[in-house]
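Down below is the structure, laid out as structure tokens.
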Amino acid sequence: MRQSRGSPSCVCAAWIWNLEQGNPALVRGHLWNSSLPLAELLKGFGPFGEHAVNASWIAVQELEKLGLRDDVDLHVYEVPVEYQTVQRLIPALWKKHSPQLVVHVGVSGMATTVTLEKCGHNVGYKGLDNCRFCPGSQCCVEGGPECIDSIIDMDAVSSRVSALGLDVTVTISKDAGRYLCDFTYYTSLYQSHGRSAFVHVPPLGKPYSAEQLGRALQAIIEEMLDFLEHSEDKINCQHEH
């Protein structure tokens, strides 16, 4: 299901990382040692525009309370809604940590479901950020591809989470909105060669509570990790044969 988000009403909120510890985990084609602990680094934005209460940040904090599986460490941070900060921060963190996967979470005033974004877009950024700034080129990466898809099979993740029977509807989108959410997603996808994901949540109470959103994020991220692990198992098996 495609949900268009043309208005600048989304705020980015969360990242997940698998940090290298000892022997390298799978990073851009290397072998994944599944015994290594995963580190979950969550970065959230504060209030912005119409969102006096940022549902994505609240949902991330709820996820922090719930936690993830035992081999995942969770860390939560808050960052400003600024294009230039995103352009500096994402490459620096990828270079510093060599993460396995990044999951971003944002709020959209137009969303009524928890939405998995399939791709990020390079051009069309005209909305001003919290600093009243907009890239002069109106793009994320000059000369970059128009669209980059996540390597995560969002349809599969959506189906598996829906089968869990949570009281939250999960849908799919190919339009993250051409604002900070889309900008952040594309920048991360470009930096990671597709090893990123983005989840949009609706505002609190429209219709979901913070606890419902937190549990939905918990299920979605764990399914993404399972999908990635199984994908790498297939790659490793092919290499062995």
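Note that Cβ sites are derived from N, Cα and C of the backbone, with glycine treated the same way.
Keep in mind that TrEMBL annotations are predicted by a computer and have not been checked by a curator.
Note that this is a predicted model, so its numbers are computed, not measured.
The active site annotation in TrEMBL covers E117 (among others). When Cβ atoms from all protein chains are considered, those within 10 Å of E117 (active site) total 26, not counting its own.
Secondary structure from DSSP puts C181 (active site) in a helix. Per TrEMBL, active site is recorded for C181 (among others).
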